[in-house]
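The structure appears below as structure tokens.
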Amino acid sequence: MKQSSNVPAFLSKLWTLVEETHTNEFITWSQNGQSFLVLDEQRFAKEILPKYFKHNNMASFVRQLNMYGFRKVVHIDSGIVKQERDGPVEFQHPYFKQGQDDLLENIKRKVSSSKPEENKIRQEDLTKIISSAQKVQIKQETIESRLSELKSENESLWKEVSELRAKHAQQQQVIRKIVQFIVTLVQNNQLVSLKRKRPLLLNTNGAQKKNLFQHIVKEPTDNHHHKVPHSRTEGLKPRERISDDIIIYDVTDDNADEENIPVIPETNEDVISDPSNCSQYPDIVIVEDDNEDEYAPVIQSGEQNEPARESLSSGSDGSSPLMSSAVQLNGSSSLTSEDPVTMMDSILNDNINLLGKVELLDYLDSIDCSLEDFQAMLSGRQFSIDPDLLVDLFTSSVQMNPTDYINNTKSENKGLETTKNNVVQPVSEEGRKSKSKPDKQLIQYTAFPLLAFLDGNPASSVEQASTTASSEVLSSVDKPIEVDELLDSSLDPEPTQSKLVRLEPLTEAEASEATLFYLCELAPAPLDSDMPLLDS
């Protein structure tokens, strides 16, 4: 074998060992010369290896062969691997062949596949990978923080939505209750009022009139007498049926004096007195006490040929003038089926009670209680409503237009002026000489703004209407005015406007006699004092 410096020593020793003939019993070439065989491993390790490789370890020899790329050949017979420990072991390499020693230069020892340059390249790649991973991590953290912010905002938005839904539901419930309350009032045809009883007019056929508080004056004490004409043509103006109002006179004299009072017949049509008499005696309704109800004459309209006694009481002498309690009935008309006498008593008693001190305090207390009850009802009461009522409420064809309200106001003014032109019975001579009752008091009842508000009329309209009526009656003495002109003068009233009046409970200092009479514009005069008279 040619020695070559490029061939490793192990390969040279192995080639010599296989080529020598005295070692053929331990190691030799195979039959095809492509590999070599180790026949007896134990004897080869003990006898041959120490001579060539300075050791007798067969495993170390096999490891060296593997380092140079030799492979162990496995024999397969009938699919079974033969494993004989003492049998021959064959090793093969592509460049280790019999008779071709020049191929030994191609056999190289296996070295590590890692190189410094490759390690540097891998380190750079690793650095890039780590940097990219860090960037991804930063982006992930940013995304996570943004996601957490979005979650918090979403939670706050959902909370706000839930709160708004709750508020909306509460508002819907409040609106539903308000609508139920309004529809309940419309269904029952009831309005929240201050529980003030409004008297009914006895007349059921006349037009509706405004509620005006008349000026009640004391009768004159002179000896001038007025006689009522018995004929329909004397002192009357020809006109058709104007009104069916009733003037009720209370007999305030003794029974003996009542017999001397003349009976004046009343027919179905109204009687209009002379304008000169109307100016001196405005519309007066004299109310009788309860103990004298049996002597009170009642005049009913609509019945023909039924006489009734009417009189006015006056003072017998100049020392004690007559003081008569006169109250004007409210002019609101309404249909009723009650007895006129019973209804008259209740109305008169209702008006008289408003003039008392204790009754007025009770009346103001009832107003406060009504307001508190109304507030409690609005705050705590539950209302039930039929759903069909909502359709009827908003699609109702029965609605009052402002023009209808103005027409009603005009009709009320017509009724008021007609009442002013109705017959006023003059005081007879016998009535002026009769005795006066000590329990009667003549009171000048002027327009009260609070009560006018409760009656549905503003104070300005009440005072204006009262002043206009008085001036028209006083001016009729000098110049007669036709009934048509008097009616036309009241056809353009101002529309009624609602005004809010705040009621406060009275203290003990405010509930004194002078304060209460000042509030009601009543003069707390004694029974025997003289009242100022209006200019007749």
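Counting starts with 1 at the first residue shown.
Using N, Cα and C of the backbone, Cβ positions are placed for all residues, glycine too.
For Lys2 (among others), the entry in Swiss-Prot reads SUMO2 cross-link, with the evidence type a large-scale study or a structure entry.
Residues or ranges marked as DNA-binding region in Swiss-Prot (evidence: similarity to another entry): 7-112. Averaged over the DNA-binding region (7-112), the predicted model reaches a pLDDT of 80.
The SUMO2 cross-link feature in Swiss-Prot is assigned to Lys82 (among others).
Per Swiss-Prot, motif 'Nuclear localization signal' is recorded for 108-122 (among others).
Per Swiss-Prot, region 'Hydrophobic repeat HR-A/B' is recorded for 119-192.
For Lys135 (SUMO2 cross-link), no same-chain residue that is 6 or more apart in sequence has a Cβ closer than 8 Å to its Cβ. Per Swiss-Prot, SUMO2 cross-link is recorded for Lys135 (among others), and the stated evidence type is a large-scale study or a structure entry.
Within 10 Å of the C-beta atom of Lys139 (SUMO2 cross-link) sit 10 other C-beta atoms, taking all shown protein chains into account. Annotation comment: Swiss-Prot describes Lys139 (among others) as SUMO2 cross-link.
Around the Cβ of Lys151 (SUMO2 cross-link), 10 further Cβ atoms fall within 10 Å across all displayed protein chains. In the three-state DSSP assignment, the secondary structure recorded for Lys151 (SUMO2 cross-link) is helix. According to Swiss-Prot, the SUMO2 cross-link annotation covers Lys151 (among others), on the basis of a large-scale study or a structure entry.
Swiss-Prot lists 195-210 (among others) with the feature motif 'Nuclear localization signal', giving sequence analysis as the kind of evidence.
Look at Swiss-Prot and you will find Lys210 (among others) tagged as SUMO2 cross-link, backed by a large-scale study or a structure entry.
Taken from Swiss-Prot, the feature SUMO2 cross-link covers Lys218 (among others).
What Swiss-Prot lists as SUMO2 cross-link is Lys237 (among others), and the listing cites a large-scale study or a structure entry.
Annotation comment: Swiss-Prot describes 300-337 (among others) as region 'Disordered'.
What Swiss-Prot records for 311-325 is compositional bias 'Low complexity'.
Residues or ranges marked as compositional bias 'Polar residues' in Swiss-Prot: 326-337.
If you look up Swiss-Prot, you'll see 360-385 marked as region 'Hydrophobic repeat HR-C'.
Across the region 'Hydrophobic repeat HR-A/B' (119-192), DSSP assigns 70 helix, 0 strand, 4 coil. Across the range of the DNA-binding region (7-112), the DSSP-based residue counts are 40 helix, 22 strand, 44 coil. Recorded residues Lys139 (SUMO2 cross-link) and Lys151 (SUMO2 cross-link) have their alpha carbons 18 Å apart, per Cα-Cα distance.
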